Amino acid sequence: MNKAIPLVTREGSRIAIVDGLRTPFAKQATAFHGVPAVDLGKMVVSELLAKSGIDSAIIDQLVFGQVVQMPEAPNIAREIVLGTGMSVSTDAYSVSRACATSFQAVANVAESIMAGTISIGIAGGADSSSVLPIGVSKALARTLVDVNKARTLSQRLSLFSKLKLRDLLPVPPAVAEYSTGLRMGDTAEQMAKSHGITRLQQDELAHRSHQLAAKAWEDGLLDGQVMAAHVPPYKDVLQKDNNIRFNSSIEQYAKLRPAFDRKHGTVTAATSTPLTDGAAAVLMMSESRALALGLRPLGYLRSFAFAAIDVWEDMLLGPAYATPLALDRAGLTLQDIDLIDMHEAFAAQTLANIKMFSSQQFAKEKLGREQAIGEIDWNRFNVLGGSLAYGHPFAATGARMITQTLHELRRRGGKLGLTTACAAGGLGAAMILEVAE
Ligand SMILES: CC(=O)SCCNC(=O)CCNC(=O)[C@H](O)C(C)(C)COP(=O)(O)OP(=O)(O)OC[C@H]1O[C@@H](n2cnc3c(N)ncnc32)[C@H](O)[C@@H]1OP(=O)(O)O
């Protein structure tokens, strides 16, 4: 094991996560239909500030992300500052790391606190799969630019006349890898096949995720972490995530047809995260600042790590690469961790990562380590369910996982948590969290 790297300010103060909040997560084109990500972000940040009771003028910086970019508001972080009545002098910038975007936002705020350039920040992310930047074909885009430059009407008509009917069709953003063209679901299929993950194993994991998430809601374990959100046309309030199945049987899962490889596949709608709308944010500060303000943090950031692998095969194995790095930096092993929350992009991806955690061969050949990362103890793994049930508004998921894990650690009397996610581009993120004493 390498030497631990303490995450502290120059004065030795730890990086505190003081509070966290999210909107309920809603399936695409349901409760948040028509609400852009920036508005979801504003909702959650306003409510987080109100809940924490601190004066928003003391927030030095807001770092936020959005995976599906809206061209009219490219710096979502700054729009949130300007749209929530925060001080106009609150610095704000946006980050993008695909499905690990809010992990990156948290890492940025942590690094700025450590460097001493800020002492209080908000980090988070929001995404909408219902309000999308629907584009135009490359041919139409090029023609529109040329038409703008044309001097006469006949030049303009001539340019338009070259277009084919199909060039006029709108182009929605793809949930696919830019460099390979593979959909995320295609990679999940590849991982299921390469790692021998069966259809039944995937169905069982998804069913477990829904059962545990449903129970978490029923038992009030998410109280205080999820705000009630007004939904258009602003007569109703959404209180809970609407993707979770409160009554389902494994037989229902078995009936579904594969969603990506329709002939030979095993990945279905139930074993994939649904396209989702939502936002999540955390309030962070140095431990000393939290103490000075009389605040009791939820916990501290003990370490974090990002990793990157190739995109052609096993592209969603990020957790198996990032976790050992984060553990090393915290001076810990997997056995020390009381709770693990691994982002469930797909059941197949989650199960492949779990297999690799315990594989000596993977450790030797891919990580250059003698020992496997460790066996997953199911009593500590995604104990309140995961993204398959809650849904996955891409940029919000990391902040959801961090807040949920810290609350659950506190409730159970645990000390250390691991949150980890895969992300497009072959990226992986892992964060070790520690509850406040
Ligand atoms: C790093 C990362 O995170 S990568 C991951 C990034 N995210 C993605 O790639 C998104 C992947 N997901 C998707 O693209 C979409 O959700 C899809 C293509 C898988 C499915 O989309 P849709 O077909 O619109 O899903 P839909 O919600 O309608 O479900 C299809 C059917 O499955 C059923 N179903 C879905 N979940 C369940 C479940 N848990 N239990 C039982 N049935 C279910 C639905 O009821 C529906 O049945 P019906 O046709 O009888 O109405």
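Residue numbers in this text run from 1 along the chain shown.
Placed from the backbone N, Cα and C atoms, the Cβ positions cover glycine too.
According to TrEMBL:
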| type | residues | note |
| --- | --- | --- |
| ACT_SITE | C99 | active site, acyl-thioester intermediate |
| ACT_SITE | H392 | active site, proton acceptor |
| ACT_SITE | C422 | active site, proton acceptor |
| DOMAIN | 15-288 | domain 'Thiolase N-terminal' |
| DOMAIN | 296-434 | domain 'Thiolase C-terminal' |
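Neighbour counts of Cβ atoms within 10 Å were compared across the active-site residues C99, C422; the minimum falls on C99. The domain 'Thiolase C-terminal' (296-434): residue composition by secondary structure is 58 helix, 35 strand, 46 coil, according to DSSP. Proximity of H392 (active site, proton acceptor) to non-local residues of its own chain (separation of 6 or more, Cβ distance below 8 Å) is seen for F25, C99, T273, P274, T276, H343, A345, given in sequence order.
Note on the domain 'Thiolase C-terminal' (296-434): mean pLDDT across this stretch is 98.
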